Amino acid sequence: MEQNSTAGGATEQYHGNYLSNPAVTAEPRREEEEEEEEEDDDEMPAERKNKKSWGQVMKELKLFWWNPETHAFMGRSGKSWGLILLFYTIFYSFLAAMFTVCMYALLMTISPYTPTYRDRVVPPGVMISPRVGGFDIAFNASDPKTWAKYTETLNAFLTPYNDVEQERKNVACTPDVYFKQDDREESAERKACQFKRSSLGNCSGIDDPSFGYSEGKPCILLKMNRIIGYLPGEGTPVTVSCEALKGDVDRFGAAEFHPYDFFNLMYYPYYGKLTHVNYTSPLVAIRFPQVTTENPLTVQCKLNGKGIKSDSMQDRFLGRITFTLQIGA
Amino acid sequence: MGNREGRDQYELDATSEHGGKKNDKKGKKGKKDRNLDELKKEVDLDDHKLTLDELHQKYGTDLSRGLTVARAAEILLCDGPNCLTPPPTTPEWVKFCKQMFGGFCMLLWIGSILCFFAYGIQAAVDDEPVADNLYLGIVLAAVVIITGCFSYYQEAKSSKIMESFKNMVPQQALVIRDGEKNSINAEEVVVGDLVEVKGGDRIPADLRIISSNGCKVDNSSLTGESEPQTRTPEFSNENPLETRNIAFYSTSCVEGTACGIVIKTGDHTVMGRIATLASGLEVGQTPLSIEIEHFIHIITGVAVFLGVSFFILSLILGYSWLEAIVFLIGIIVANVPEGLLATVTVCLTLTAKRMAHKNCLVKNLEAVETLGSTSTICSDKTGTLTQNRMTVAHMWFDNQIHEADTTENQSGATFDKSSSTWAALARVAGLCNRAVFQAAQESVPILKRGVAGDASESALLKCIELCCGSVTAMRDKNPKIEEIPFNSTNKYQLSIHRNANPSESRYLLVMKGAPERILDRCNTILIQGKEQPLDDEMKDAFQNAYLELGGLGERVLGFCHMPLPDDQFPEGFKFDVDDLNFPTEKLCFVGLMAMIDPPRAAVPDAVSKCRSAGIKVIMVTGDHPITAKAIAKGVGIISEGNETVEDIAARLNIPVGEVNPRDAKACVIHGGKLKDMTSDQLDDLLKHHTEIVFARTSPQQKLIIVEGFQRQGAIVAVTGDGVNDSPALKKADIGVAMGISGSDVSKQAADMILLDDNFASIVTGVEEGRLIFDNLKKSIAYTLTSNIPEITPFLFFIIASIPLALGTVTILCIDLGTDMLPAISLAYEGPESDIMKRQPRNPKIDKLVNERLISMAYGQFGMISAVGAFFTYFVILADNGFLPMRLLGIRIEWEDKSLNDLEDSYGQQWTYEQRKVIEFTCQTAFFISVVIVQWAILIICKTRKNSVFQQGMKNNVLTLGLFEETALAAFLSYCPGMDVALRMYPLKPTWWVCALPFAVIVFIYDEIRKVIIRRSPGCWVEKETYY
């Protein structure tokens, strides 16, 4: 490194040498090389480079990898490597520190209870349970193996809604009005309204652990995505309706809703994970008791209410959900 | 030295150590190379030494009846037609493919193919594959195709060398066969044919003159010397190019008639060899394309290194093989700077346009930079350095040398015109002169007027016209009675005029000619208007003056006159020029006038500028050594105080052999000497002399000289105007032809044309070339910087499983959108220092893109930019409910289309599409953050060493670029419909400013770095960071 005092950026100095003594300038080139580039042949500085044989390339590569004369590894001596690594260590440490400071400042300024913007998460999306793999519910009523996965999922999903659990953690609220708790401090814990599993009737899985699947009258549970501070329906509850879109539409019949075909206002607004710890999303259980076809039926359930958008072209889960039903005997 | 295989291929055969091996490998190529080598040797002719009888024997031609028709047909069948065979041309589609698949394009093609491949993998695995890779592949292909077509269009106009040669060839020839004159198609002329030419004809083949009548030929296309030369049957010089009895194919006969035997036809003629040589030479890569190739190596290296590292990493992280391969391809492709090809092309085009404004027309885009890298300029003398116009430079009368004005605009020295000797001299020069101005040129400046007559007489005519007014009036007043024109035996020209001056005799005899011959005929000399006896002292003075002027390389003519005494020559005396019934001796010597083709006014300055820019200027001329040396000294090619070996020998008064050649920096090499040199000797010569003049060089030798310099590693520019220069022009790294005086062939062979024929324009070219090289560096540094923020999102997507922070569309928006104009605007950046004060770049060390540039752009600027953009990304996600901690490892859920209730950090639930909108908003913001940091990067990249505050923001295009990229970014973000078209979403105002601190940091960081570089040159910071 030391002997090449002109190396690096001192291009002006190279040129001075270059005309009079090309042999000298070939030397600093050593450290100019990087990675897989080939080195120029020092013995023949004046010769134009010809196509090198494979062996020559390998030899040069080896020399580049470790040059015993200059003790240079990959074109740099130990000291040179040390300096450059030290530089980059400091540089990146500084950068990391700066990033950390910025992130820290960001987290400091952000409320832990409410996100700064909620405009991208409204209007709410809709999901159903059971969701096993996708949105195809296909089973043979007579074959429990074909629907066991659905009932298991539903059971697991409904565990937090067990009456005991609900009564222990949550309060019974006044129906049909929003359960606003804005008067408390932001960090204070909010109460959550009870939503009892038993209210789901045929679809609670209490009386019929097969949720109707064994009879070919399956239940699904529908819920609306949680959004902090969102008041669905603007005073009037959001209702749910279902219709068959494709397949033997005539043999779809009508759906049953439990406990009601709407989401009661008392479950809103939601105050966020941190303060609304025991919040359980209200559900609408939908039963399809009158399906008389074994062919796949495409069913769409959607929300109806003020401020609900269920016709978005881009987002097929906004205010609606589409799934297929194939109920075998 | 870069990869110049193309250039080397035929050289190799010349050097024995490589030759054999190489030839075995490529037999066909080898054969062609040998042919070219053969052509590079000097013309080997001995027909000029033969007597007419020997000629008759050799060619079997009857010297009066010519060949028989049957014999001619036989020879024609055997030798083929007398025409120039064009070299095998590359079909257009091959040229097109070369543009499409060369260098940088290949990189993009590979990227494109990899994209399709990756898409194929995704399509095979996934039912609904993300189409990003498909789009990227298509865009990459489109970029290559568009730029490829553009450069093909640029190149298509070039090289039609052979066609231009063909324009010089005559159509018809007058041959004598079976004793009858026939005008036949010139292609049917065969060796041995007896051919007649007359004034105005072009010579149909190489002819050995057997009889002539006042025949003069214009050999300018061969030798570059424009003066017509006499052609006679006599053998006058060993060198076939200089002997008088050979006339060459395609040169023109100016006057007189001649008859000769065809000794060579078609491609075997001297001109045919030059044509084949010029059109057959393979031109190597331009320095810029070597640089770009090197750049591609680096970029590919980095890309493959990153790709493979993350391939391995992703396997370790548990991704499947197919996923890992898609990642590998993604990373490699993300490293390809899509917009750079277009940027470089546009930058070069802009510079080419700018140079065209300054009278340098660039034919080949990459040649724009070549002139900037040039370390040696081989300049032709006539027409390039000189005005190509004989001009009276000195006069000797009254025993004193007077200097005449030789500048183009008459701004030079004047001399004392009051002496009556001058009046006498002017009268002799004006009267004893057959040159006349062509009609209707009154409005043209005297020096630029067309003259009928030979060069010396024209020079005298113009000189007298300038000094003493109308020569025509003088001739009218002193009407010519008789005259003896110049001929080579008596070497003088004489005329007798009626004397208008009543105080003198009635008749005046004036004579001019070779000075020594004139002096011999004189016994008196005119001093201060008084006739004085010509004593030995005077003769010595004459000798000294003659030698001095001759030493200046000037053509000297002597003038004398004699007022014919009235008593011997009364009114109406019948002068008889055959009997010479008047005195032609014991005349009165008036003076000498010396002429030279003077250097152009701007040349000495240009040469010294080249010199201070570290460029060797070499003169290569077909002219005489003495003249060449004089001009070389005049223009500074041999600088003041530098001596040749001969000068040293003369000064020390020792034989030339005793002088150590190393002591002499300058040298003048005669073509004859050059012929006998081995290439090692030539190398030695070129290495140890800084100021070289090659005189009497043949076209082949010019080529050899160029190759010699190229062997030294120099980047050679050749300037020339003649056909004889065309092989050298073609071979040079950059050939520069003269736009006005240049022959069509030379313009075709050149890469650049000086529209004003001014050597000084080359200096402009060098300056522009150097500037564009610097600016391309800046432009590339700027463009590469955005590569890191483009790659890192993908890397973090893989290793941290966070949502993708920058998508394909946004990457393309940066590369082909916002980065474009700012990168181009750097081409308009002014120089940081006087770029003409530094040495030319060393192509071995001073690379366009070196690892320091990569280290700066990728390792430092790019990283800051990426960190800034990532900060914005996290801000947006956090603002919307996804805190950074939640994001780590979220990838699988995030990308699950059926998961439509993904919980964020606050417990809110998101549909797939909703979170994708957030993701794309983040990508838009990431993109805008990159643009914001690129503001600072652009300002940083304006300079490599100076502070921006020193450099100023004078580059308006750059300022415009700043606004343009911002406006474009805002448009892409806010324009309605963009969410559907490009999936870019409007940002909240606060998200714009997140990256600003990082822009400030990068600016401050770089200013500090530059301060350190300026304060302590050669320090570690400079060594590691100055690109």
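Every residue gets a Cβ built from N, Cα and C, even glycine.
Annotated features, as they stand in TrEMBL:
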- B:1-22: compositional bias 'Basic and acidic residues' (COMPBIAS)
- B:23-32: compositional bias 'Basic residues' (COMPBIAS)
- B:46-120: domain 'Cation-transporting P-type ATPase N-terminal' (DOMAIN)
- B:1-37: region 'Disordered' (REGION)
- B:218-238: region 'Disordered' (REGION)
- B:101-122: transmembrane segment (TRANSMEM)
- B:134-153: transmembrane segment (TRANSMEM)
- B:295-319: transmembrane segment (TRANSMEM)
- B:325-348: transmembrane segment (TRANSMEM)
- B:794-817: transmembrane segment (TRANSMEM)
- B:857-878: transmembrane segment (TRANSMEM)
- B:917-940: transmembrane segment (TRANSMEM)
- B:989-1005: transmembrane segment (TRANSMEM)
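Summarising model confidence by region, the domain 'Cation-transporting P-type ATPase N-terminal' (B:46-120) averages a pLDDT of 82. Most Cβ pairs within less than 8 Å of the transmembrane segment (B:917-940), among stretches B:101-122, B:794-817, B:989-1005, belong to B:989-1005. With a threshold of 8 Å between CB atoms, the same-chain residues lying at least 6 positions outside the transmembrane segment (B:134-153) that come near it are 95-96, 99-100, 105, 108-109, 111-116, 119, 333, 336, 338-339, 341-342, 345, 365, 808-809, 812, 816. Annotation: stretch B:101-122 has the most Cβ pairs under 8 Å to the transmembrane segment (B:325-348), among B:101-122, B:857-878, B:989-1005. Here the region 'Disordered' (B:218-238) has Cβ contacts under 8 Å with residues 48-49, 52, 168, 209-212, 244-245, 247-248, 250-256, 258, 270-271, 274, 380-383, 388, 390, 454-455, 488, 621-623, 699, 720-725, 743, 745 of the same chain, all six or more residues outside its ends. Long-range contacts of the transmembrane segment (B:989-1005) within the same chain: residues 860-861, 864-865, 867-869, 871-872, 875-876, 879, 925, 928-930, 932-933, 935-937, 939-940, each at least 6 residues beyond the stretch ends and with a Cβ under 8 Å from a Cβ of the stretch.
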